[in-house]
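Before any comments, here is the structure.
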Amino acid sequence: MGWGDLGAFGEPSKETPNLDQMAAEGMLFLDFYTANPLCSPSRAALLTGRLPIRNGFYTTNGHARNAYTPQDIVGGIPDSELLLPELLKKANYTNKIIGKWHLGQRPQFHPLRHGFDEWFGSPNCHFGPYDNRERPNIPLYRDWEMVGRYYEDFKIDLKTGEANLTQLYLQEALDFISKQQASQQPFFLYWAIDATHAPVYASKQFLGTSQRGLYGDAVREIDDSVGRILKHLQQLGISKNTFVFFTSDNGAALISAPNQGGSNGPFLCGKQTTFEGGMRAPAIAWWPGHIPAGGVSHQLGNVMDLFSTSLSLAGLQPPSDRQIDGIDLLPVILQGKLIDRPIFYYRGNELMAVRAGLYKAHYWTWSNSWEEHSKGIDFCPGQSVAGVTTHTQEEHTYLPLLFHLGRDPGEKYPLSFASEEYQRAVERLSGLAQQHKDSLVPGQPQLNVCDQAVMNWSPPGCEKLGKCLKVPESDPKKCSWPH
């Protein structure tokens, strides 16, 4: 989902009444970011509180390449990383993930090995259908074992867009919350639905109900589901003891626009890029009786902050043996404070841009290659800005492109190199960038090697279902990252 997909953020069709109500009862974050313009690295960052360059969710194959995790990726979340649910166990939390994991599908990367007690969902995106010979259909798991595969047992109709997955994920959430309330056990629920990721889907009762087409139908169903979860917390009498945060793992994917793409509001480009449309995300904090209603914050926030904030809520300290990039947002949320901190925009292994205050400096610009663009792959449709949305990787290290995001949120008007404002802002931003690079110890890159033998051929539980497929011979090779 994109920044511009919610009525609370200005979406004109106003089809998200529940999320808008959530914002009215809680706090809206207007300057909230993902840690990467792609799903897997930003999810790894959310659960570790660390930039993908530190937790290994990046590639060194081809400079500044974005690296999502397809089925044949060999890597995943390393054992050396401490994930939020692992740490919450120290405070007796029960942890559940519902939906997309995307931090590696090999057994050692399974979420139940990394602090989650329960899982209903999938290790990958719902791409497909595949032929199960060249590429297997993606499995869905209940806890340790698969319970079926997308398109075979969990239908997604690519013609109509119909699938009832969001309803399944919603019911899982409601049941888990009820169970935890009955046992008086503190819980962490990571509700990672993916209906707005192309191929977009929605349940039958939502199909054709939005002015925005199928993508809007999916947004409406997610909005309805969030409303039902919040209402459930209230009916169980635990809403005042439950902190809820809504956000996205990256900006809306304009590559699938207009039919299956979302809105990034006034921001430039979308998913896959380090322009604002790729990394600024909708964000709402809700905690009745604690967060003053109707709050709007301009705090520079990041998904990594949910790691530190959640630990703080549970009365725990973040690990002291590693660099944690997330900050505790509770002073912001509860007292309206502003914390001065930079935002680092990474793409692959390259620091592309830095934001502090209202200024953003680009040290590299790149949308996607001319080769990919000529195939019709466009991350910035209708949004070409000369010298900014470049199709070659352009370095600006010695003379960064500078934007004032208050006056120019769309990154259309670089400040004059000769201006005093430019000199003053760049001096600060380049100092922050250099300080960051000087102290950076990158993690072992997890997204460099691909092997068809590691795909979802025979996941645990496949024997019971008769769903095991023949595993091909191992043939590890360097992954190709065209973007």
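For all residues, glycine too, the Cβ spot is worked out from N, Cα and C.
TrEMBL: automatically predicted annotations, no manual curation.
Per TrEMBL, active site, nucleophile is recorded for CYS39. Feature annotation from TrEMBL assigns active site to HIS102. For CYS39, ASP249, ASN250, the entry in TrEMBL reads Ca(2+) binding site. Residues or ranges marked as domain 'Sulfatase N-terminal' in TrEMBL: 1-315. Taken from TrEMBL, the feature N-linked glycosylation site applies to ASN164. For CYS39, the entry in TrEMBL reads 3-oxoalanine (Cys).
Rounded to a whole number, the C-alpha distance linking HIS102 (active site) with ASN250 (Ca(2+) binding site) is 14 angstrom.
Put simply, ASN250 (Ca(2+) binding site) is 6 Å from CYS39 (active site, nucleophile) when counted between their Cα atoms. Cβ neighbours of ASN164 (N-linked glycosylation site) (same chain, under 8 Å, six or more residues apart in sequence): LYS155, SER203, LYS204. For ASN250 (Ca(2+) binding site), other Cβ atoms within 10 Å of its Cβ number 31. The Cβ of ASP249 (Ca(2+) binding site) has THR34, CYS39, SER42, ARG43, LEU46, ALA281, VAL303 as same-chain neighbours under 8 Å, each 6 or more residues away in sequence.
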